[in-house]
Amino acid sequence: MNKQEAQDKILNLTKELNYHNHLYYVEHRNEISDQEFDLKMKELEALEARFPEYKQSDSPTQRVGGEITKEFNTVRHRFPMLSLSNTYSKEEIIDWENRIKKIIDHPLTYVCELKYDGVAISINYKNGVINQAITRGDGVQGEDVTTNVKTIKSIPLKLRNDFPDDFEIRGEIFFPLDRFTRLNEEREEAGEETYANPRNTASGTLKLQDSSIVASRGLDCYLYSVTGENLSINNHFESLSKALHWGFKAPKEEDNMVKKVNTIDGIMEFVDYWDKKRNELNFEIDGIVIKVNDYNLQAELGTTAKSPRWAIAYKFKAEQVTTILENIIYQVGRTGAVTPVAVLKPVLLAGTTVKRASLHNSDQIEKLDVRLGDTVKVEKGGEIIPKIVGVDLDKRKADSQKINFIEHCPECGSELTRKVGEAQHYCPNVHGCPPQIKGKMEHFISRKAMDIDGMGPETIDLLYKNHLANNIADLYKLTKEDVLPLERMADKSAEKLIEGIEQSKKIPFERVLYAIGIRYVGETVAKKLAKAFKSIDSLATATYDQLIEVDEIGDKIALSVLEFFKEQDNNTIIEKLKSFGLQFQLSESELEGQTEKLKGLNFVVSGVFKIYSRNGLKETIEKNGGKVTGSISAKTDFIIAGENMGPSKLEKAQKLEIPVIDEEKFNEMI
Ligand SMILES: NC(=O)c1ccc[n+]([C@@H]2O[C@H](COP(=O)([O-])OP(=O)(O)OC[C@H]3O[C@@H](n4cnc5c(N)ncnc54)[C@H](O)[C@@H]3O)[C@@H](O)[C@H]2O)c1
Ligand SMILES: [Zn+2]
């Protein structure tokens, strides 16, 4: 490679890696796999070593990859938060040990632990009470996400036993897999796009402004290091035992989640054990971290600008297998979205037999250029559902044909539509397409919606097949005599079913609003809309501007609501449901104390209060028509400050000339 080529390559890689870092840390998504990213990083490192004169000042090899956004208060780390050098090869673990042995010439103890795949957090405890939680950010400064972190149940608010007065503990916040699957099921039910992978969703969740949503997601956290001054801890292993003792969730020796070893063989054994067993965990790990145990030796080895020399991460390669693409089927969801699914010759991958893989949409099929009969590479990477990542073209049959995405609905034959700018095809036959009709009823009766006792998807299927119910309003016309002849229905169960339907008439408005299945109106959005509009009639007549005025309601949701009420069929069904006595407005008790005194005003709440609890204050603002946001901006009208308001918030308020008031003053306003 000549100098000019090297310079160009270094410039390009620097730009490219910085771009992917931004996507990953700020937008919580990725366009390339971690492995590809790491490969490019290694390439850049090698080039910079050969041609140091071309190294860029913003080179990603020299810095921790994260950034600071303006959505939270920025806080400087007391001790920098570094990255870890990583490798995918076992030989490099040996090289790493050899480098260490050149500096330290007596026997060493290593600690092996899991490399949790989530987001790093640093939490400060003062006198045994959680004080502040900061993201890694750029390693020097992070963002204050204390309110969100406090909602994570495994992170203690108060410590037990003999904790130090003031210290920092660091760990990885992650999305448990069962919760992640459940979240995606709920989103699918609400017609919302599902999340691609747990890591990105964990990091996105941690940065939400509404901590009640964070709380509902069920994030979890493993702690992996303790830092501070004069802690009287001598080594890493001891720090983990102490963390457990103080009440943190830290890896335990008895689960083999952490292990002290003295040899490379011991390290390899741990690596191999978890490479096999990792699929049994309820969270994702992307490798193993190996650390020199003794703190004095760690200090002797020191750090580079980016990572400690006393630790290394061994990363697992994404598991990949090849199999045959036997067929492509098309599934029609409740919202009419058509999803192509690959039917595969069954193959064992990551501990489970895989028969299906997601293909997302027609763009994806086009991009991969998969064809029936192809030998395809299937991977279980960051995503939960395996995906096809490539085709073995050498094995392609000469007569294979390009796949043409279907033009008509496989269920009802309607011509499919696709909006400009959207990747998904839809069946427009909303009120006549069986999976859409049944899907809407299934959603309506589901636990978080009307929660109708004694009724499940099988009942819906039977009711539909026997022409007893064709839409959600029909359910309220059912009688015991209607349902008794159905399969597996006895006197008792028929009675229970009708009783369950009757009982559902008491379900509060916000859940009815969720149940009627407006696209993009999930549980949380339904709550927000119910609170803001108070009745279905005022929601139905709301304008676009009134809709987006509501906290967290954006363009997509607003347009979807407008579209829903434009359709006569929907209004007819709502009128019918009203006549059956369902709740289409907030109840008297919910309306009580509601005013519009603070209408149009934006508040930020900061500090500790005397008259109100923090949540109580927020509720009072909302009850009186005001809006609460998490951070100060030019749109903020008032800041209600209690004791210990953060200095950076105060500074920002002064800079933007936003009035800061106390609780008494606020009470006068209402
Ligand atoms: N796909 C993409 O576009 C893209 C973009 C940027 C970064 N990435 C991925 O992120 C990596 C860089 O991220 P990084 O700097 O956080 O490095 P890293 O994730 O490879 O390693 C450092 C981090 O590991 C975490 N960790 C988990 N378990 C740990 C344990 N037991 N002990 C100590 N730390 C533990 C800590 O949060 C620490 O900050 C890249 O190597 C790449 O894989 C991917
Ligand atoms: Zn259809």
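Keep in mind that glycine also has a Cβ here, set from the backbone N, Cα and C atoms.
When TrEMBL records Asp34, Gln35, Glu36, Phe37, Asp38, Ser83, Leu84, Glu113, Arg136, Glu172, Lys291 as binding NAD(+), the matching candidate from Lys3, Lys9, Lys315 it lists for that site is Lys315.
Checking the binding-site residues Leu84, Cys409, Cys427, Cys433 against ligand 1, the ones with a C-beta less than 6 Å from an atom of that molecule are Leu84. Separation of the C-alpha atoms of Leu84 (NAD(+) binding site) and Lys115 (active site, N6-AMP-lysine intermediate): 10 Å, rounded to the nearest whole number.
A gap of 43 Å separates the Cα atoms of Cys427 (Zn(2+) binding site) and Lys115 (active site, N6-AMP-lysine intermediate). According to DSSP, the secondary structure content of the domain 'BRCT' (593-670) in residues is 26 helix, 16 strand, 36 coil. Checking the recorded positions Lys115, Arg136, Cys409, Cys412, Cys427, Cys433 against ligand 2 with a 6 Å cutoff on the Cβ atom leaves Cys409, Cys412, Cys427, Cys433, in sequence order.
Among the residues Asp34, Gln35, Glu36, Phe37, Asp38, Ser83, Leu84, Glu113, Arg136, Glu172, Lys291, Lys315 said to bind NAD(+), no two Cα atoms are farther apart than 25 Å.
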